[in-house]
Structure formats: C-alpha cells, structure tokens
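K.L.:
Right, I'll just put the structure down here and ask away after.
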Amino acid sequence: MERDNQTFNPEFILMGIFSYTPTHIFLFSLVLGIFTMALLANTLMVLLIYLDPRLHTPMYFLLSQLSLMDLMLICTTVPKMAHSYLSGRKSISVAGCEAQIFFYVSLFGAECFLLAVMAYDRYVAICYPLQYPSLMNWKLCGLMAASTWILGAFDGIVDVAATLSFSYCGSREIAQFFCDVPALLHLSCTDTSTFETLIFICCVVMLLLPLSLIIVSYTRVIISVIRMSSGEGRHKAFTTCTSHLIVVGMYYGAAMFIYMRPTSNRSATQDKTVSAFYTILTPMLNPLIYSLRNKDVAKAFK
C-alpha cells in the first residue's frame, strides 16, 4: 500500500518561476507578450510560406517546419504555466505531465534534426547549385522533414515510458514551470543512474551528431562562399547562413547546458532560466531572425 501511494499519487506540483511580487508580475506579463508575439510570428511564417508561390522551395518548406515546431513547443509550456500562475493551482495530473514530457522532448529532438537538415540544404544549394534540384528534390526534402518528426516522437515515447515508471517518494514538487525530465529525476526514490546514462547517450545522438553535421556543412559552405567571385552572391549566402547559425547557437547552447551537465552540478534556478530562454524566448526570436534578414520573406509579407 505504501508503494502504491508513492508511485501512483495522481498529481505533481509545478513550482513555477514567478511569485506575486511587482517585479515578477511584470516579468509574467512580459512572458505573455513574448508568447503572443511568438504565436503570431510563427503562424504568419507558416501561412506566408504556404500561400506565396515564391517561397515554395525546399529551404522555405523546412523553415515552415521549424516555425510549426516552435509554435507547438511554446504552446506546450506557456499556457499551463499561465493557468497555474493566474489560478493559483499548481498541480498537474500524471497524464498532463506525460503529455508535456512527450511533446516537449519530441519537439526538442525534432528541431535538433531539422536544424541539421537545414544546414545540409544550404550546403547543397551553395556548394552544388547546378545539382541542387536533383540532390534536394521535393521527395527527399519531404522524407527528411518527416524523419525529423518521427525521430523526435520516438525519443519522446522513450522518455515518457522511462521517467514515469520510476517511484516518487515524499515531495511531488517539480522545481520547474513544466514537467521536465531532469527535474523529475530529482524526485525519484529509485536508482536513476541507468536512465541518466541513457539520457546522456540520447543527447550525444540528438545534439552532438546533428551539431557535427552542421559544423561540417557550414565549414564547406564558408569555404565555397569565400571563393565566390560575385559580391552579391557572397552577401546573400552569408546572410542566409548567418541567420541559421544564430538560431543553431542559441538552441544548441541552451540545450547542451541543460541536458549534458552532471546531476551534481545542477541548479534549479539556472535550469529554470535557461529552460525559459529556449522554450519561450527562442520560438519568438527564430521567425524574427529569419524574416528580418531575408528579403524573400519580407517581400512576401508586404
């Protein structure tokens, strides 16, 4: 009976990141503003790319997938956080926690692979422009995009099945504003060392391998751009690649900080801050970075 009470307690408690002081009320309002802007910006990007024939290319199709993932990611965490803060009810059911973990981890993994696919697309477009239509045809582009979603979903299923199979003793308070895997591991009264090793291996596969592909692709791209004789072509290539590299730097930097540190070195405050950065702020910045630095998107918007 005691084990049943420990393991099948119907709710967790999300501690959140805001209190009810004037400063935190302002920060909460700022988060709602960021959420609204991210919602509008990513929805607009998806619609523009779908509706404007000039944007019907593999590069913009992949960009629409990134915007769709960002849209779903920010909707996975912020609405529940806002509801908890405004209502004062910080509890979340086990099913709700499972759903958050699945969607969050799946989208996180899918974006990792998608950013690598986008880097490969730019590599082929700049280094092999004449062969680009055959090397990056629509069938291959669709297959690679679908693969990013499938691989991300697979990782989400594994994490949900493993994390919530543990027993949770005593406190059910999650030191986060959403159900995050590292935060849940702190609450478990069973040995999680094997699963932590599995998480590290998953991070190597889903972070370091795609990042290695991105680095190799852009190393080749930079070499090719430097060799270009056309100043206009060089500027256009650098503009497109710089936008992508800024997004990669923000996303991978924050993700590796969260998931590739030893458990003993973790700080709840640092984890909350960095998680808020790449689950709330990054989805808003991504469409702005691409649209402000991209003439084709700006023309489609006008």
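Placement of Cβ uses the backbone N, Cα and C atoms for every residue, glycine included.
Below are the features listed in TrEMBL for this protein:
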DOMAIN    41-290  domain 'G-protein coupled receptors family 1 profile'
TRANSMEM  25-51  transmembrane segment
TRANSMEM  60-81  transmembrane segment
TRANSMEM  101-120  transmembrane segment
TRANSMEM  140-158  transmembrane segment
TRANSMEM  197-216  transmembrane segment
TRANSMEM  237-260  transmembrane segment
TRANSMEM  275-292  transmembrane segment
K.L.:
Is the transmembrane segment (25-51) close to the transmembrane segment (140-158), in the sense of at least 3 CB pairs under 8 angstroms with a sequence gap of 6 or more?
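P.N.:
Checked: the transmembrane segment (140-158) vs the transmembrane segment (25-51), no contact.
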K.L.:
So what's the average pLDDT for the domain 'G-protein coupled receptors family 1 profile' (41-290)?
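P.N.:
So the average pLDDT across the domain 'G-protein coupled receptors family 1 profile' (41-290) works out to 83.
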